[in-house]
Each structure stands twice: as C-alpha cells, then as structure tokens.
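The ATP binding site annotation in Swiss-Prot covers 30-33, Lys51, 87-91, Gly415, 480-482, Asp496 and is backed by sequence analysis.
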Amino acid sequence: MAAKEVRFSSDAREKMLRGVDTLANAVKVTLGPKGRNVVIEKSFGAPRITKDGVTVAKEIELDDKFENMGAQMVREVASKTNDLAGDGTTTATVLAQAIVKEGAKAVAAGMNPMDLKRGIDLAVEAVVKDLTKNAKKITSNSEIAQVATISANGDTEIGRFLAEAMQKVGNEGVITVEEAKSLETELEVVEGMQFDRGYVSPYFVTDAEKMRVEFEDPYVLIHEKKLSGLQAMVPLLESVVQSGKPLLVIAEDVEGEALATLVVNKLRGGLKVAAVKAPGFGDRRKAMLEDIAILTGGTAISEDLGIKLENVTLNMLGRAKKVVIDKENTTIVDGAGRKKDIEARVTQIKAQIEETTSDYDREKLQERLAKLAGGVAVIRVGGATEVEVKERKDRVDDAMHATRAAVEEGILPGGGVALLRALKALDAVKPDNPDQKAGVDIVRRAIQVPARQIIQNAGEDGSLVVGKLLEKNTYNWGFNAATGEYQDLVGVGVIDPAKVVRTALQDAASVASLLITTEALVAEKPKKDVAPALPPGGGMDF
C-alpha cells in the first residue's frame, strides 16, 4: 500500500478552499447574459470555446492533491445540478463557493461545524419553500420560448426552435440535438413511434419512387420469435384478407418459407403485407414489443404468455392509423391503444427511470418513454465552423433541459432576484443556538452572491445594485443585466426555471456543508521518479 499524506483542521480547510476558489473563479466568469467565454485546450483538435459552467468544471484538474479534492467536490455540485435540472451549474458553483468561504471563516472563529451545518439546512429549507410558493406555472408557447432563449444565452433562434419542438412532441417527448451539415439550424419532427428497423425485403415496397411502404389503417402482428413457416398463421392471414386491411408483421426475424409466402402473396395482390424485424435485443426487445402492443392496442404474441401463433385471432392484433417503413426505420403513427393503458405504461417507465443507476439504461428508457408519449424531435445545429457548432450545441442542450425544468416546476424572476427575495423567508427561521444562527447567516450572505456576480460580469457595481434591489419590495422587480435597466423581469422575459434555482441551492449547500465539517484530508504521497541505473560501460578496445 502506498504511503499517504495527511493534513488536519485549518491547514486542510485552507488547501481545500484554495481548490474550490480556483475552480469556481474559472466557472463564474460565464454567469449571466454578459458572462465571458472560457477557452479549453483539447488533447487533439482545436481548443473548445464554451460558456457552459459544467463543461468548464469538468475540465479542471489541479496539481496539488489536497487542492484538487476541494475542486472535485465543487465539480460534483455542478455535475449533480446538471443531471437533475440540466442548467444552473454556474449558479450552483458560485453558491457552493460562497457557503464554503463563509463557513470556513466561522469554523476558524471557533464555531461548532455540525451546528453550522444544521443552521445551513434550516435556511435552505426555508428558501426552497419560498421559491416553490412564488413559482409561476408556464403554459403558453411564448413563455416556453422565453425560457429557452435565456438558457441559450439570449439566442432567440434556439428559443424558437425549442418551443416549436416541445409543442409538437409534448413535454415528455424526446428532443435530440445533432450537428448539422449546413450553416442553418433546422428542426425535424417524427410523430408517433419510430424504431430503427426497416423492411425485411424490398419486395414489400408500395411506393417505388421513395422506396418505402405506406399502409393506411393496418393490422399489426407482434411476435417475439422467428417466423420460418407460415402453416400456423394461415387462418389468421385468411381473416386479414377478408377484412381488406393491410398487415404489418413485427417478429425477431422472418425467413425461409414464411418470407417467400408473404412476398408472393404481396406481389399477386392478394394480401397487402410487410414484415420488419423487432427492435432492440434481449430483455429490451421484449419491453419494446410490449410498448408497441400497448400503443397499438394489440397483444405481443409470446410463449411466456402461453399464446401460440395458431390460436391468434384478429382482435389480438394491434391497429394504427398509418405505418411508414423505409429501408432503415419503421414509424407507427396514431396507434389504437387505449389512453389509460398507455398512461399506465408511461408511469411504469418513469418509475424505472427514477430507480436506474446506469446512464445508458436511463437514456434507453427515456427513448422508450418519448416514443410512447409523443414522438421525437431532432434539432440540427448549424454554424460556419466546427468550433461554433459545438458551442451552439452546448447551448441548445442547456436550453432544452432548462425549458423542461420550467414546464415541470414553473418559473421565477431571473438575474438572481428570486434568491434575493427569499432573504425575507430567513427572518422566520428559528435556530436553536448562536452557532445555528451563524449557519442561517451564511446562507443569507451566500444567496446574494449569484445576483452580485451577474451584475459584476455586466460591468456594474454588484453591492450597489443589490442594495437598490433590496430597497424595493416588488417580487419581480430586478436589474436586467443584458440592457442595464431596472424593470419587471418576468414581464420582459428574464426568467429562471424554479427547479434550476432550487436544485442549484440544495446541491451547493449539501456539498459545501460537508466541506465545512471536514477535519482531515488523506491523499497519496506523490511517487519520486528514480532514474534507472545506467548499464555498465564496456571498454573501448574493439
């Protein structure tokens, strides 16, 4: 086991505080509409230019092991806030720095760290209640566009695209962000459920020009196993022919005699049919077939359920308004599933998303949720250079998460004003002792810092402007850093999602209060590189 280095009490906290400051100072220059960019060196390719707090935080590693511990703890704050709310990472970092700084001073003055932590927790709880009480629900499309525009650092085009995408696919729908091949940013919406499997054979094509299959009002057979012989399906196929409707077969694979028979029937015109392979693999395939069954109001034919193919009747097949299949994708539009069943399935998938610890699983579950709940929108971000496209893509990602958060928990005035207005809520907090009161006062000072930083980044005097704001009692009245005017912030669209402000404060307080209560740091001693011995020298007589 390698030797360790240990630091104690004020020495330990001082080192950690230095690391916290290094990271937070690099991140906080990006805060607000007039925040600056940070340029990050990449190990290959051009440097990356960003105004996204979490991207900056993730790039910072310090030489000194003890300082690095402090920096990594604050980096954790930014990452956690980003995962939960998708934005507010810079605010969270600034809050964490303020709480750690004030807390370290209080501990150095001889206060009990555990009571300070209790005081901080009491204060945070009071502020969160105040934020929740004052949050305004958003409903209109223009409000959604405003939130998106602010999170995208004032880019109205991004705001417009996001509002349009959310209107089309709903709040649960998946919005993916890709890099475009052109200068323009564009939006493409896929309605209904789409999965990445195309037709098994090109002979199924109904539109030869576009090389795709289009069915109106088809039946959908969902089968979990391979189909190689059609003997068991003959009665079902006869019923489908009599109904005069097309049939889409989704199975693990369709091969041999089964495929030949379906193709021949299609070419002779007796049966409008198309077959596609089932999406996904293993357990995920089962779950996705079940999703398709619920969406179309059919039954997934599976031996687990004891249903054999020969016993399948027409009423066990799913129905949809339209199905479009091309070489690579199948889209089912407007399935005939019962709304109640689809909602129950959506709730079940949401519960799984909450429980899962794997990012990959979460992403796949969210895809399934979107396909059931509304559809998929793709925003393709354009730009003149690769660096510009990457930077805009970062901002679209931020804006998308912030907009979702705003729809979820409502909006508050932006510019750090909501936290300033929450100062009043702290007057009602009843701490048990002077040390807890000091903890409440730490939060009282910390929640003024984001507003000050935004104002400072805009080139104004932070303390002066914050003093002016606190003199006036109107909740939405604040300083618009973009224009340099005092106005009703919600009225002019300077807003923050309540979830983002709440998450930033809770995460910052959680990590910062742990740093305050730290009394010892343990790190590995750096290994001394010993130069290898030189090989023995030979004589010169050869």
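Yeah, the Cβs are placed from backbone N, Cα and C, and that goes for glycine too.
Predicted, not measured: the structure shown is a model, and the values here were computed from it.
On the structure: features taken from Swiss-Prot.
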residue: Thr30; record: ATP binding site; Cβ contacts under 8 Å, 6 or more apart: Arg36, Asn37, Val38, Thr50, Lys51, Asp52, Gly53, Val56, Thr90
residue: Gly32; record: ATP binding site; Cβ contacts under 8 Å, 6 or more apart: Gly415, Gln453, Ile454, Ile455, Asn457, Ala458, Ala481
residue: Gly88; record: ATP binding site; Cβ contacts under 8 Å, 6 or more apart: Thr81, Ala402, Asp496, Pro497, Val500, Val501, Thr503, Ala504
- Item | Number of Cβ atoms other than its own within 10 Å, given for Asp496 (ATP binding site) | 31
- Within 10 angstroms of the C-beta of Thr90 (ATP binding site), the count of other C-beta atoms across all shown chains comes to 28
- Please work out the number of neighbouring Cβ atoms within 10 Å of the Cβ of Gly415 (ATP binding site), leaving out its own Cβ. 26
- Message: So if I draw a 10 Å sphere around the Cβ of Lys51 (ATP binding site), how many other Cβ atoms end up inside it?
- Response: 20
- Looking only at DSSP and grouping its letters into three states, which state does Thr90 (ATP binding site) belong to? helix
